[in-house]
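K.L.:
Feature list, courtesy of TrEMBL:
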- 24-36: compositional bias 'Polar residues' (COMPBIAS)
- 18-43: region 'Disordered' (REGION)
- 78-111: repeat 'WD' (REPEAT)
- 121-162: repeat 'WD' (REPEAT)
- 170-204: repeat 'WD' (REPEAT)
- 248-291: repeat 'WD' (REPEAT)
Amino acid sequence: WRAMGKLQSKLSFHTTKYRADGSAGQTGSVGTSQRHSPAHTDAVSSVAALKPDLCVSGGRDKSVAVCSWRSGAALQRFVGHEREVTKVTSALDCSRVFSASRDKTVLMWELHGASGPSQHFPGHELVVTGLAVSPDASQLCTGSRDNTVCKWDTETGECLGRATISRNLVTHLCWVPGEPYVIQTSEDKTTRIWDSRELQVAHTFPAKQHIQTCCDVSQDGRYCLSSSQGGEATLWDLRQTRGRVCEYRGHFQTTTSCVFLPRSQALAPSVATSSSDSTVKVWHRDTAGRE
């Protein structure tokens, strides 16, 4: 204990508490912090990476905000939805932002363009809960609690296809990089692979015990990750779809989100999960060991 006390006395801890008014207060060692007005005036429902230094978020205040990771400043704000924004995502080239809402619509926004939406995608009968953009940004897939998945032309706003599956209350969508496939999680406890060309289910993974809340695909397009209300996340191999590859257990409440982390020389292949138990955990992708 004495050795530990000596070691801790040599360390300088920097912690920051962020308040709702946008200010930041330092505890521990004195440091400097930048202060900005909040990008949203109510709860934030969704966030997505836009560029290495930008992110896009949507919230209960019906707005979409583009912010800088580095400075924390809101650079652009879009207002057009009539109800809470439930999902946000961006095109691969980061020139366009898409937002879904409880008002049953999806809007497309031009980054650094006009303040109003450049395209509307109406047609769902209930809240839109899934968004996925094709790698070339020409098509958009949307999913809803109305049990449907739709495909859209992003230039014209035309609905190119609509598929309905009983009890398929969509919770999340993501496009497989470089492929015409879309991954979807659902409240019916399954994870599906859609072939976007004909908008047909190409494969359905074995049903889990609990509702599936979110999904992500690795950059190489080989693995899919899904999270669950049961507190775990599951790794699936998209090339060998007979069963799960690995399972990450350690959360005590719903695993709300899951994501593959960018590869780096200093970090083993890793995934991250967030949970209603107030924690974010980072896992070794292949061994499920916590990092």
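Heads up, residue numbers simply count up from 1 along the chain you see.
Note: Cβ is positioned from N, Cα and C throughout, glycine not excepted.
Automated prediction, rather than curation, is the source of TrEMBL annotations.
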K.L.:
Taking residues 6+ outside the repeat 'WD' (121-162), which of them lie with a CB under 8 Å of any CB in it?
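P.N.:
For the repeat 'WD' (121-162), the sequence-distant neighbours (Cβ-Cβ under 8 Å, at least 6 residues beyond its ends) are 86-93, 95-96, 98-102, 104-108, 168-175, 177-178, 180, 182, 184, 187, 194, 196, 198-199.
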K.L.:
For the repeat 'WD' (170-204), what are the same-chain contacts with Cβ under 8 Å, counting residues 6+ beyond its ends?
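P.N.:
Cβ under 8 Å, 6 or more out: 87, 129-135, 139, 141-145, 147-149, 151, 160-163, 210-217, 219-221, 224, 226-227, 234, 236, 238, 241.
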K.L.:
So what pLDDT does the repeat 'WD' (248-291) average out to?
P.N.:
89
